[in-house]
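Written out below as structure tokens is the structure these notes cover.
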């Protein structure tokens, strides 16, 4: 194991930093601050952060093949034009649930945008149960609902052979797998592949590496864990200097760096004095594994 180094690259105290995505052509990390209502882009060369403010909680961002981005905003899938800072609604979901919002989202290998919803939190991880659902936005802008009764729709990714879809509903404390049909985008045969230990706390965002192993950020657990989906075993734990780790992705010029977002919402002064970097973005180097480039929305 090479020596692991953890560095806070953006010390900006996001309320709820989430959805980190590496944008190769800009050598930048794009991410959101959900309750800060902004989409941010950190340039790895200049170390500068630019941001676009929006009018609702923005929970995930993805690259778009035609350029710019798609985001989940409130209960809308929307298109974001960075230069003129404009957001256009593509489609609205959960119209019958005014208290809902989207949470995590990611694009599949065929260019479809998967994202799920949840009820707005009363305080972190405290909310009305079973209000969310998992959706797919297709490139033709049609939407499919896969299932409902979700608590906190969270981490998602696909196996390297694209035959398995991995998904987290946070309050189940489980990482789940589905059979995946890449042609249609259909999912089936749900099963749990890993149940979190008490000290790992709440499973949040997730990504996959080139060895097919999953990395899960543990909210309130202050760590990312590496799982083998074949054996259902945890094979590595990397602890961070903040408790509220929210999501992770690989990036850098050869995808050998891991970027981890975090949150500070709900922390008191005493917690902040112990963890002044809460809400920052962390770069982990020396993991000895690489990730795969993110997929772009095809619509």
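Even glycines carry a Cβ here, placed using N, Cα and C.
For reference, TrEMBL has these:
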type     : residues      : note
BINDING  : 18, 154, 204  : divalent metal cation binding site
BINDING  : 101, 103, 121 : substrate binding site
ACT_SITE : 204           : active site, proton donor/acceptor
Which of 18, 204, the listed binding-site residues, has fewest other Cβ atoms within 10 Å: 18
Environment of 101, 103, 121, the listed substrate site - residues of the same chain whose CB lies within 8 A of the CB centroid: 34, 57, 59, 100, 102, 117, 118, 119, 120, 127, 152
List of residues, in chain order, with Cβ under 8 A from that of residue 101 (substrate binding site) and at least 6 apart: 56, 57, 59, 74, 75, 117, 118, 120
18, 154, 204 excluded, remaining Cβ within 8 Å of their centroid (divalent metal cation): 19, 103, 104, 152, 155, 168, 170, 205, 217, 219, 246, 247
Among the substrate-binding set 101, 103, 121, as the record gives it, the longest Cα-Cα distance in Å: 11
Cβ neighbour count within 10 Å of residue 121 (substrate binding site): 17
For residue 154 (divalent metal cation binding site), nearby residues of its own chain (Cβ under 8 Å, 6 or more apart in sequence): 103, 104, 116, 167, 168, 169, 170, 203, 204, 205, 206
Residue 103 (substrate binding site): tally of other CB atoms within 10 A of its CB: 26
